[in-house]
Amino acid sequence: MTERIVLAYSGGLDTSVAIGWIGEATGAEVIAVAVDVGQGGESLETIRQRALGCGAVEAYVADARDEFANEYAMPTLKANALYQGHYPLVSAISRPVIVKHLVKAAREFGATTVAHGCTGKGNDQVRFEVGIQTLGPDLKCIAPVRDLALTRDKAIAFAEEKGLPIETTKKNPYSIDQNVWGRAVETGYLEDIWNAPTKDIYDYTATPEFPPAPDEVIISFQAGVPVAIDGVKVTPLQAIQELNRRAGAQGVGRIDVVEDRLVGIKSREIYEAPGAMALITAHKHLEDITIEREQARFKATVGQRWAELVYDGQWFSPLKRSLDAFIEDTQQYVSGDIRMVLHGGQAVVNGRRSETSLYDFDLATYDTGDTFDQSMARGFIELWGMSSKVASGRDLRVAGQ
């Protein structure tokens, strides 16, 4: 029986060429797998037909938009996950769902190997292969760009020689990855980290310098998940899409950062994540009134570690699973409404309410009706500062000897 290889297929030049390239290099039949995570553009049927036209013996396509929003974006939101304080894990959280469908397709079509289009310098090769090793430990992995010397120039020449049904061009200097959670742009002139990004970089966001009138929005949450916008019920996918539209129109969610890649290099990235950043901002403000102080402090540490694990391709790891359990427990009271104004690149919260809020007006007010017993403060301060006072006395005593 001829060996079969499952290929993560985007519909673009590199993976279209990879179908024939892999076949010629290995003698195997190629099954193309395309997963819709809200990246937009062409329909899955168009992509499926292109894969078959480029030589795939089968084409597996999956509309995973709701799955991605529910099972991958929402855990990211609950964790308030921002890698190195900036990046909302746009690409990192899409790789596990693609891996899941790659392994599923491999089982369905009897493939023994999974192929992806990643280079040897990026994070995604790790995310794909660690995920595949975890979900399908018997499966082998290959990367045509990395392992079979498939360069961009060779891809264009191969496509033209074979007459493949795909546009061949070098005109776009950027590497772009996008889904409903956001958009990532790198390479080209951006590799000089002194160069400012030009307007053509952006697609999800309008120029924040010339915004339309301020847009006030009320986002309702239930156990950490957005369930309504301005009183209209929404699914997680619909919430992200609506805020992509409204926050994007105000230029919210533009991120220009140099980050530490898993492979040991620093890389300049431009991200657009209007919906993600608006939701994370709103969610964090709701947590501020519904999560107890010590729990909130520790959750911030957990969220940072969670983001690092996911960035580093450890979505399916035991530690990440344990952190998920902690984060999920913190969300039981994160229900209520957040009012925010979207304008000029900013998402500013100006109101919050919750039936499970820990904010007590009578304790917090400085006006008549204050129920806070200030007489307790003196004793509390004495006890709170006791250890520092004792240590200071020791320091003075030793210094005087």
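A Cβ is built for glycine as well, from the same backbone N, Cα and C atoms used for every other residue.
Together with Ala8, Tyr9, Ser10, Gly11, Gly12, Leu13, Asp14, Thr15, Ser16, the ATP site in Swiss-Prot holds one more listed residue from Gly55, Gly85, Gly110, Gly117, which is Gly117.
On its own chain, Thr119 (L-aspartate binding site) has Gln125, Ala143, Val145, Arg146 as residues at least 6 apart in sequence with a Cβ closer than 8 Å to its own Cβ. Across the structure, Asp14 (ATP binding site) and Ser175 (L-citrulline binding site) place their CA atoms 12 angstrom apart.
The most crowded of the binding-site residues listed here (Tyr87, Tyr271) is Tyr271, judged by how many other CB atoms sit within 10 Å of its own CB.
Secondary structure from DSSP puts Ser16 (ATP binding site) in a helix.
In this structure, Tyr271 (L-citrulline binding site) is part of a beta strand by DSSP. Using a 10 Å radius centred on the Cβ of Ala8 (ATP binding site) and all shown protein chains, the other Cβ atoms total 25.
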